[in-house]
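Comments concern the structure below.
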Amino acid sequence: MSLLQALCSLPHVTAGCPKAECVEGELCPGGAHFNWTKDGKPFDLSSDPRIVTFNNSGTFAIQNRGIINNFQGKYRCFASNVLGTAMSEEIELIVPSVPKFPKEKIEPLDVEHGDSVILHCNPPKGIPPLHIYWMNIDLQHIPQDERVSMSLKGDLYFANVEESDSRSDYCCFAAFPRLRTIVQKMPMTLRVSRSNFIKERKPKLLIPPESAGSSSSVTVIKGGVLLLECIAEGLPTPHLSWVKVTGNMPKEEPETENFGKTLKIEQVTAADEGTYQCTASNPMGRARHEFHVHVEGPPQWLKKPEGGVYSVGTNLVLLCEAIGNPEPSIQWKVNGMPIDGSDVWFGRISTREISLTNLQLQDSAVFQCEATNKHGTILASANVNVLSECPGPSPHRDHSQQPLAVHPHTPAAVPTLGKDLGQKAENSEQHLLPIFFNFLPCRIVLDRDTLFISSVLLEDQGVYTCLASTALDAAEAEAQLIVLDVPDPPEDLQLSENQNRSVRLSWKAGASHNSPVNESIIEFEENHWEPGRWQELSRVPGNDTTALLSLAPYLNYQFRVVSVNAVGRSQPSKPSLRYATPPAAPDKNPENIRVEASEPNEMVMKWEPLKPAERNGPGLEYRVSWRQRGVETDWNEELVKKHSLSVRNVPTFVPYEIKVQAVNNLGSGPEPNITIGYSGEDVPDAAPSGVSVEVVNSTLVKVFWFGIPRDRVRGHLRGYKVSWWKTKSMLDGKRHHPEKHFLTFVGDRNSGMIPGLDPFSEFRLTVLAFNSRGDGPESSPVVFETPEGVPEQPRFLRILNFDKDSVTLSWGLPKKANGHLTGYILQYQIINETHEVGAVRDVSVANHSVQSWRLAGLSPSTKYKFYIKACTAKGCGKAATEEGLTLAQAYAGIYEGISTQGWFIGLMCAIALLTLLLLTICFVRRNKGGKYSVKEKEDLHPDPEAQSIKDEIFGEYSDSDEKPLKGSLQSLNGDIKATGSADSLVDYGEGEHGMFNEDGSFIGAYSGSKEKGSVESTGSSTATFPLHA
């Protein structure tokens, strides 16, 4: 084999699609050959004229012209030369279609006050990320809080509805930033009517639904984001809280979103696995759900196969190990083709390794190891290049030896194992100098004045001498090569000083390979509870080769040792003999003792069970002791095997002293600590007394009460609830339907403010106490009246007639008078285009029954602004406004003269008659079959969805998935330049008039800065991003 062939490198892939560079090996005769597969089948690059290939590489690009849906799929590139075939990882090409909501008629939803409601969005499919927004037709966000909120799927949930929720324009908007597209669902109507009674009820979970049961399983990827969601309905509005049942939360205060309804944990680790519980509670009760969280992960390499240059006749072992959850499956390939144990090979193939013996020249190849589980696939390649022996004797080489690391601070330029070593001899005369070696294996290449060593082995360590000679003189130079490696595994593990709770472990250190051992790690495995799982037990610093190990009872141990130096860890030693510790009584008792009860006269005691390694012996049980606190009585005791105990027929909500002690066949654990817990709660049986009301103003009062005695709470006092309802208006004396309102005051308090009352009205009010079990009885109703307030704004202000120096105005009554009207204040002022305004002049209308007024003495051809306010004895309310321009004096005279002339009246009648005749002719012609274009038809009958989104937001876009996407980014030819963040919603607008601001609200074209119909088109509403590798 020539030197050129010896240096020919195997092919490799440097990048993926859409600009996938499959680069040939250097110095290879004939270059490399490239081919692609699509969805596992050969893909012909000449099959479509839109596929553009690039010279001397396997790269291709797809021009974004016409229908390109057929290009969607999973691609893989193969690069081949005379030595083998390399392949890329799979690359997925996604050709998105324009997402659309279906055209549907959504029936109005009629509900009663207090009901729970779900408005479904059901957004169309599209390339993530997807952002959902609920807005009204004016593009204002629907307010959200604990009562009204959006789920992770985008549906809008009402825990209970109020009459103010009634509206006919609940609109769901779905935004796809990568497609630069927003689509709107048809508006939904929600009508809320008054209920004849208050629908108080305990919480009920809507997410997860009751059909899911009391618990569910959730799988999350390690390193990802965990989102757990609970949404509940009920009245009063439920409050959501989260706890981790098994272990502690990652933070003291868990991060929640959506008003506590979503628990969020970022950068998930194995420690986040466990059971989480959400609780929805209100004064009527509570509802719970448990999430069993399992942390899984895609494959990760423990050991990749490593290739190199090998001599004919040598042996080779390629190792491939990966971890993941679920455990990944391993598939071996050679030159891109799958192989298995049934293939005829000169070696042995298993899941973890390929063993090749007696290598020959034709065995040069690229070996691939692919590890796959449901969360992903990883690929590693090993280039195996087999060369014939070069002239001269060659010592034996063990090519299966693991690669060595090389210390960076060495006397000469020394490579890392598996890299290259070049020592260069130079002389100033530039003569060709003979250099002599006793042997030259194929890994060592001598090129004029450079010695090149590839795949450095431990045995390459030593002093290298370069001798250069001429007829006149000779010179030599030396270079020392020091090769570093991880230590060899420790050997000869011995156990001594055997005790019940300890043993001494001794071992012999392996070779350190030029880097001293700075630490030894001792690991153990026990085959009783967790067979096969090695865990760290202890660390020994420095070169110590012995350690006294502390052990737990009732475990069958074996040990192994790992040595560590500056390069890394050694392989573990062979395990020691097993050492079984005798059983013993428990060393500890259960922790996290608590009391839960769902019914009165019941007490459920729970605790965290001991871990298997903490049992210390067979027959583990728990001795539970309890007695009523403050009562001289003996302890009640019971032995149980599970980690809870329920006791019935106990007094309602009294404190108990509780102890839980671990017991096994060899004895009891230490004396347990006493925990205080309470038996089950019942609703309070007394009402607050001394209820009184202090009127602060016409809409606000302060309520006072005396709390109920502690022994009448019969539980943990959660707070007080004030209820009130309007009985009649003091203005007209009409009785009102008793619509009850509540306000909750948390904690032990005796006063509270009640806002938002109607002025000049009579109310009744009650107060009750509540605990975790529910509400107690209400106090006797207290009657109070609110004083008069200022009126609301008049319903309208109109200009009935304009003259050159006067104007006649008309206005409506205020929606709510809030008292006896005493009259109106009419104001006016001059305004003009320079934003200068004249002084405000007032006219008092003392008669409250007057609803029109003629203002005289105005200036001709002048613009005025008029204000009207309604007034009561308390003052005047907010003004209604209107603007108008008085007539010019000349125009007023002409108008008065012409409008009374007979010829003018006749002319106007003739024009009206001709117009009517033309309209009749057009109507007749159309009924006889006149045609008009589809475009005109669309303009006459626009689709509400398309009109609101197409015309006012995005300009023109293709309405068919089969048509080319107008204005699409040319994303398949690799010429796209990054434009900031491709996922930013700011890109939907132009310049400073972007469509969204930072909180996701619409601005720009919707901000009112442009008249309707003057919104500038932002180009196409769609853009394709072809790759999602």
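Counting begins at 1 with the first residue displayed.
Keep in mind that glycine also has a Cβ here, set from the backbone N, Cα and C atoms.
Among the residue ranges 526-546, 925-945, 1009-1029, the one that TrEMBL annotates as region 'Disordered' is 1009-1029. When Cβ-Cβ distances below 8 Å are used as the criterion, the transmembrane segment (903-924) is approached by no residue of the same chain that is at least six residues removed from its ends.
Long-range Cβ contacts of the region 'Disordered' (569-591) within its own chain (Cβ-Cβ under 8 Å, at least 6 residues beyond either end) map to 486-491, 493-495, 498, 500-501, 503, 505, 507, 510, 521, 523, 525, 527, 534, 551-563, 607-610, 614-618, 620, 622, 643, 660-670, 672-673.
Look at the domain 'Fibronectin type-III' (687-789): DSSP puts its residues at 4 helix, 53 strand, 46 coil. Counted with DSSP, the domain 'Fibronectin type-III' (589-682) comes out as 3 helix, 47 strand, 44 coil.
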